[in-house]
């Protein structure tokens, strides 16, 4: 009995399970069915009694009682009257909680248009009626009448009439001869009378017959919305409201403040306005007030309802008493503070605490130190339960008292409770999944949380006052997940690139580096030629060595011989003698015993890179447990030796090179020389600037190299033994702290500085910090520092926003199946930039599955199809000299709604094949977004020291023989080979005949090699001036000018500072007289006729604006000589500042500012008639299809001449190509390769490594949609965009029925657009543009099937990824089985019925 009573009291609403959510426009009947009563008065509560007014906005009769089980007048109290309705005050006796979900309504005296369907672009009402929004507003806000039924009058249907026109028409045709109405009633009437089917049929006919370009698009839009209404079951007139719902009062509370005032939700003000105006309107109608007054009141009612739904969308924003705009219903959903992002996606949690972190070097990797006070508070319920179970307390109250008094037994119990109960630590900002990790708590005194030093890198934490939050996983499942998936020991590798993230840094690195140094001539070293003491410095076991170290008869750095005992390749014990040092032997003592981890792993100088590689080796071969133990051990070793070494530095450790001033003087002379050249008019101002900056950059580099040489050199003492290495060099070289760039500023020269605008200041800072800066230099250096700080603040926000968009677009990319079975793949090759291999093939294909057998030249199969390429395969692949590998990629994965494990490859954070249900999309987004923030925070570390962008030569990175493709080279007057073609490529062929590298040469480059030459590594292939683009003659002859008229298309400018004249092409399009000039330089023969080129056209070279002409008419010219040159922009510093916006631009698939123009087909070029201020260029394809025309702005430099032949995909105008063009011209694979390379380029510049597959996942999500080019036999319209998977499903059906399939081309969407076009409207609405998304979803009656992660978080169910994917799978299997059982049953029933009907009648009885 007792139990039942308790159950009655604690009746929780049972959570309902549902599979999908539908949204549609609500009908007036629906609104009334939700409502518990009409609200007739604007009053809220009585200010004296604090009781709600009857029929007011808080009415208890409508919305329910204020206190649990108590009516308003107090006649019925307590549980026993549950469900009774009080006859005096009309309140139902029930829980007060119903005030959170009971709604009311307001009956409007005049219909009102719903502002979302009217004003949210495109206006749905406008599209449906085919009327302009302006006209609709004039009708709705009572400015114009609309003709509804013209009758026999000459008026047209839906014609707008002003007041005068309406009255005139009534006089002219009689009052009853036509019907015209005004206001929302008119619109409602028109909407009700719409014949949707008829309109749809006529629209389809019109689309089929229309000839114009733009019309079908407009008609399609209208047809789409009409079909949406037909399919969704919404009625058009529902977009006009006759009833307004009122949300429950507890969701718009009114709270009394002290001092008799009230704080209220803005919604109450907005509702009050609506009720007041509605009641006034009712009264005016009853009083039969003049039309004009009623009309004004109706307009005000419309405005009040508009403000309630979406304040500020139309007209003035309605403000409250304090001039602050009121928050309407739409504002409640929108933005960061709206319902979606504030409450549904991010919730506050209990059982959490936060405190400052301090370092805990004696912790194990899986532990964290938790202050006792904090633990006591966090684990309270567990402690109460344990106290109760152990009999220390009989009631919770007693247990509470014991805990409050902090009795000794409580601490013992706390120890028990905490044992093996992991807690989660989180540091904001959580940029990737390693920002939350689980640890086992260890109780400590004090109030700060202790953190293990090795996990700092993952959290990006330091101990300068950072705070961290602790969360307690409560349920057993949560504890299990925390331990198995989130424990810090399970997160050794970085999900972005698969390298270890548990890597020692700073002190530890310094200690290990110190430990592994070798010093010549140290005490007790082994000398092979020492006859007196041949066994000095020879050691056989560790005990002997430790003894010698303790006795100081040998130092840590002495060269010794050492017998190492370990395991051979077959796992048998072996021993070998090594030349090494005692320090390295100590280090080898912590290595795990394993055949693949020999002594060579530690027998080298341990820099940070080497340590990382060592941890990686141990992890790959010995597994996770060994690695964790090993990491803890090397940490302890590193700390202890760093402290014993006692490394510190003073000012004398900063060694300034002796020849500093001579180098500086040389550069100064060079700069003077450039100034002189400029004064003599040999070079332009821009060129001088570039050269000066270049000279100083070189000087600065040279000095830095000198200084590094001095600092890294090892000095000898008087006994000929090595002195200790320079401390600063040790810190920098080991990777503990500081970089060569910072050392350069300390001891060489600070170098060039950048202005805030990004330009480099010509005068560098010659002093270094040791010498000190003078005032001017100090001032120059402040620019960079300020810019750094300002940038940081701005970019943190930008980077966070980029991450948010990436997560949103990729959140539903989850591993759904093991293998999708596709045979497609993408081709991978090494990335070579300016002859340097920046990403070798082996790194790019590691951990990916092959799409075809990988075969060596002798026919042996190295890796079979669909097998993952592991570390063990790489030596064979490299040995076989394979240049290109076809691998599986998510870009070609055929899995519906997700990706498959084979296409994805290895899970980088585990080093194993990826698990089912892994949320690879979110991991990809975090991997790309996290370094964005990191980098932006790093801009100011080198304090604006300028790094110059362009390289001006290309060197070979291989040995081999030279072949030249598309050869068009000429020897110029100086005897140099000059590339006179656009597509000249130098190919380096290896000894085995494979192409090792292909370098496309810059037009006008000086080529240093020729066909058949042999080339060595590091040899120059070609060089060019990075600051100018030349226009080069292709034949010998005499210079001629064409259309170059002084003052019209060419001008002689005299430089003020030098007095030298030079000829520059000016913008000739300014006046109509000169607009059709085509300034050009010609190469003429002896008769003064243009020389014919090999391809048949004249040697005529069109000049762009600002070209500087180098030769006079009549001058002799050799092929390869420069006729004119165009200065390019001066060198800007490259910094991720350019980087982050660039990444965003690529992911958003925006057209770059001056996009390249790419040839759509292979063919020949001809110049046509100019059009206004554009050049017309015609491309005649080789395949005989229609010619393509390009209009190019006149100032743009077109480097093609008449008659040039271009290949498909060649650039006609240089620039950054637009991704859409690449997709259209070269296809998906090329586009993906371009995006991956461009994005990687930005990150590589900053030294961040991200695996390609992450970028591929995002690109896959950007390519989800297909644009229909031919609807086939379906009812899908041409030009529609549909999902790839939908297209496949449609075509499957059509082909099965023997019909014509749909044709489509892939479309590239930017990440924002792609996020807003996901199938799930809940996900899209919680991302951006909430109003627009919800309006569209409601009109279409969309159903959200809750497939993605975000929707499930919002509705509060388990996400279908990770451990939640299992639950989802089980549910789907259960559903399938239920269906099978139902089918069987129905089949059995049918069979039984059939049997019964077959029985003879007598037997049936």
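Along the chain as shown, the residues are counted starting at 1.
Note: Cβ is positioned from N, Cα and C throughout, glycine not excepted.
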According to Swiss-Prot, 820, 900, 903 bind Zn(2+) 2, and the residue from 699, 893 that belongs to that same site is 893
Of 71, 86, 89, 462, 464, which is closest to residue 903 (Zn(2+) 2 binding site) if I measure between C-alpha atoms? They're all binding-site residues. 462
When you measure from the Cβ of residue 893 (Zn(2+) 2 binding site), how many other Cβ atoms are you left with inside 10 Å? 26
CA-CA, which of the binding-site residues 73, 89, 820, 900 lies nearest residue 466 (Mg(2+) binding site)? 900
Would you kindly give the Cα-Cα distance separating residue 820 (Zn(2+) 2 binding site) and residue 89 (Zn(2+) 1 binding site), rounded to the nearest Å? 67
Compute the C-alpha separation of residue 71 (Zn(2+) 1 binding site) from residue 464 (Mg(2+) binding site), stating it in Å without decimals. 59
Could you state the whole-number distance in Å separating the C-alpha atoms of residue 462 (Mg(2+) binding site) and residue 893 (Zn(2+) 2 binding site)? 41
Measuring CB to CB from residue 900 (Zn(2+) 2 binding site), give everything in the same chain under 8 Å that is also at least six residues away in sequence. 815, 816, 817, 818, 819, 820, 893, 894
To the nearest Å, how far is the Cα of residue 86 (Zn(2+) 1 binding site) from the Cα of residue 464 (Mg(2+) binding site)? 65
Is it possible to get the count of other C-beta atoms within 10 angstroms of the C-beta of residue 464 (Mg(2+) binding site)? 5
Can you give me the residues near the recorded Zn(2+) 2 site, meaning same chain, not 820, 893, 900, 903 themselves, Cβ no more than 8 Å from the center of the site's Cβ atoms? 817, 819, 822, 888, 890, 892, 894, 895, 899, 901, 902, 904
Provide, as an integer number of angstrom, the distance between the C-alpha atoms of residue 73 (Zn(2+) 1 binding site) and residue 464 (Mg(2+) binding site). 61
